[in-house]
Every structure is written in structure tokens, then in C-alpha cells.
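Below is one structure, written out as C-alpha cells; the observations come after it.
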Ligand SMILES: C/C(=C\COP(=O)(O)O)CCC[C@H](C)CCC[C@H](C)CCCC(C)C
Ligand SMILES: Nc1ccn([C@@H]2O[C@H](COP(=O)(O)OP(=O)(O)O)[C@@H](O)[C@H]2O)c(=O)n1
């Protein structure tokens with residue numbers, strides 16, 4: 001594990017290298033961590049803190065303490081987010097069981113909230129470079145839960161009621177499973193890249209809202225796909241765009257990103273348009289939206305923000 005202090009996400013731009021993303025996104029670089037700096041030769045020379053071997057011993061002691069601190073921090077954050085995921089599904093199952101909301105709306109709200117709350121929770125993990133893998137463990141566990149219940153003889157009815165269309169256990173192996181795999185993939189891009197967060201904004205916020213608005217106001221159908229409507233697609237573009245901008249602003253305000261806002265709005269608009277067009281295509285029978293939308297978004301975002 002890379003020994004880096006769980007840094008305040010506010011970077012020291014004059015010390016930290018520029019990110020490889022063209023928008024000058026700053027990254028919390030391990031060579032800018034206080035732990036690295038206090039053991040650097042210039043610091044030693046300036047402060048006369050003792051012989052090099054003494055300082056090497058002190059550095060290794062500090063490094064192992066920092067690594068242990070980050071490990072405990074990330075384990076606690078993982079447990080907290082896993083608990084949040086379980087509580088979210090349980091809450092909507094209870095609302096559905098008590099007929100407060102319909103099962104179809106419950107599923108869509110779980111679809112919208114799970115991913116967005118997951119990406120909003122990323123800052124509670126440590127500043128170590130391995131933190132993203134602890135975060136990715138959450139969708140991994142939920143994916144295994146979906147597979148076990150989708151294949152099992154005695155599936156968990158709470159899960160089925162909250163995330164399936166028709167209450168069939170095997171449905172868990174379709175949209176919901178692809179959904180959590182998309183969350184896992186987005187977590188690997190992590191806090192220092194706009195790509196993963198925009199992917200979740202479009203899949204969770206955009207595609208989720210498209211369903212709700214399309215079912216309610218979708219009388220005018222799209223010519224090349226009568227199963228989708230202009231209302232649904234326009235809603236996906238608008239909500240996906242603003243949720244993406246909101247997430248980029250959130251992570252910029254926490255110091256993880258330093259976006260060039262003069263170009264970011266256009267780039268996000270392009271990515272949102274690509275995701276919306278892909279979602280509207282008549283390919284749902286071949287490729288689930290929870291596969292096509294995140295993959296299209298990641299590719300478009302990579303091209304728009306990488307160069
Ligand atoms: C209903 C879901 C997907 C189906 O989508 P679609 O077919 O309607 O397009 C969502 C399934 C959610 C899953 C069971 C739970 C995922 C939890 C997530 C990994 C972590 C959330 C943490 C947060 C703090 C609540
Ligand atoms: N662009 C869109 C997307 C969905 N919808 C509406 O939402 C319903 C569900 O959409 P979907 O098949 O994408 O649902 P999921 O696969 O996202 O669960 C569609 O049958 C339409 O009634 C729409 O009108 N326009």
C-alpha cells in the first residue's frame with residue numbers, strides 16, 4: 001500500500017504536478033504528501049534532524065503508521081457505505097410493501113439514488129491510492145448478492161421487490177447486475193477524474209429520470225424507436241448534464257478536481273448528448289441500457305476530457 005497521509009483534499013498546487021487531463025485537474029499526488037516531504041533530503045538538511053539512518057528508521061515507522069491509519073480509515077468507510085446500500089434497499093422495500101410507492105417507482109428511485117449516493121460518498125475514503133479499491137468493494141459485494149439471489153432457490157424477497165420489474169429472481173442477473181458492475185468500473189476512475197462520475201450521472205441520474213418522465217409525459221415517440229419518447233430523452237439530457245456538472249463542482253470544491261470551466265460545460269454537454277442518443281437507440285433487446293449508457297459515456301468523456 002502506498003504510504004501516503006490521508007491528505008486534506010485541498011492540494012498544494014505549486015507542489016503538485018498537473019493532471020494528465022487537459023483541464024488542469026489537480027491530483028492528490030503521493031509525492032506531495034507530508035509523509036514524503038519530511039523524509040526528503042532537503043527537509044533533513046534544512047532541519048538537521050539527525051543521521052540519515054535514524055531518519056530512515058523514523059520514516060519507515062511513520063510510513064507504517066500512516067499505512068495502518070489509511071487501512072483502518074478505508075475499512076470503516078467501506079463498512080459504512082455497505083450499510084448505506086443495505087439500508088437504502090430495505091427502506092424502499094418497506095415503502096413498497098406498505099404501498100406508499102409503486103414497485104416500478106421504487107425500482108427507479110433505487111436506480112437513481114444508489115449510484116448518486118455512492119459517488120457522493122467517495123470523499124469519506126482515505127487519500128491513499130488504494131482507497132478506490134475499497135470503494136469498489138461495495139458494488140462488488142452487491143453484485144455477488146445479486147448473483148447469489150438471482151441463482152438461488154430461496155432468493156431474498158426484499159431485494160427482489162426493490163429492484164425487479166416483475167418479481168422474478170433471475171431479473172437480478174440483468175439490469176441490476178450490469179448496474180453494479182458499472183458502479184464498480186466508475187469507482188476505478190475515482191475522484192481525480194471526471195470520467196467515472198459523469199458515467200454515473202448519466203446512468204443513474206439521466207437514464208433513471210428518462211424512465212420516470214418518459215412514462216409520464218412520453219406521448220411523442222422517437223421516430224426510430226417507438227419504445228422511447230422525446231420527453232424521456234430530453235429529460236435524460238437535461239438531468240444528466242446538470243447532475244454531471246453538480247458532481248464536477250462538488251469534487252472541485254473539495255479540491256480533487258480543478259476544472260477549466262470555460263470548456264467543461266461544452267464537454268459535458270457533448271458527453272450528455274452522446275449518452276442520450278445511445279440510450280434512445282432501439283438496442284435494448286441486444287444490450288442493456290446499464291451497459292450501453294455507461295460505456296458510451298466513459299468513451300465520450302475520455303475523448304472529451306483526455307485531449
Ligand atoms: C434497480 C437497480 C438497477 C436496475 O436498473 P434498470 O434495469 O431499471 O435500468 C439498482 C440496483 C441497486 C443495487 C441492488 C444496490 C447497489 C448499491 C450500491 C453499489 C452502493 C450504494 C451506496 C449508497 C451509499 C447508498
Ligand atoms: N428515452 C426514454 C427512456 C425511457 N422511456 C420510458 O421509460 C420506460 C422504461 O425505459 P427503459 O426501457 O429504458 O427502462 P430501463 O431499462 O432503464 O429500466 C420506456 O418503456 C418508456 O416508456 C422513454 O419514454 N424515453
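Cβ coordinates come from backbone N, Cα and C, glycine included.
Just so you know, TrEMBL annotations never went through curation; they're auto-generated.
Looking at the stretches 157-175, 176-194, 195-213, the one that TrEMBL records under the feature transmembrane segment is 195-213.
Outside the transmembrane segment (195-213) by six or more residues, the chain places 105, 108-109, 111-116, 118-119, 179, 182-183, 185-189, 228, 231-233, 235-237, 239-241, 243-244, 246-248, 251, 268, 271-272, 275-276, 279, 289-290, 293-294, 297-298, 301-302, 305 with a CB less than 8 A from a CB of the stretch. Remote same-chain residues near the transmembrane segment (234-252) are listed as 116, 119-120, 123, 191, 194, 197-198, 200-202, 205-207, 209-210, 212-214, 258-259, 264-265, 268-269, 271-273, 275-276, 279 (criterion: CB distance under 8 Å, separation of at least six residues from the stretch ends).
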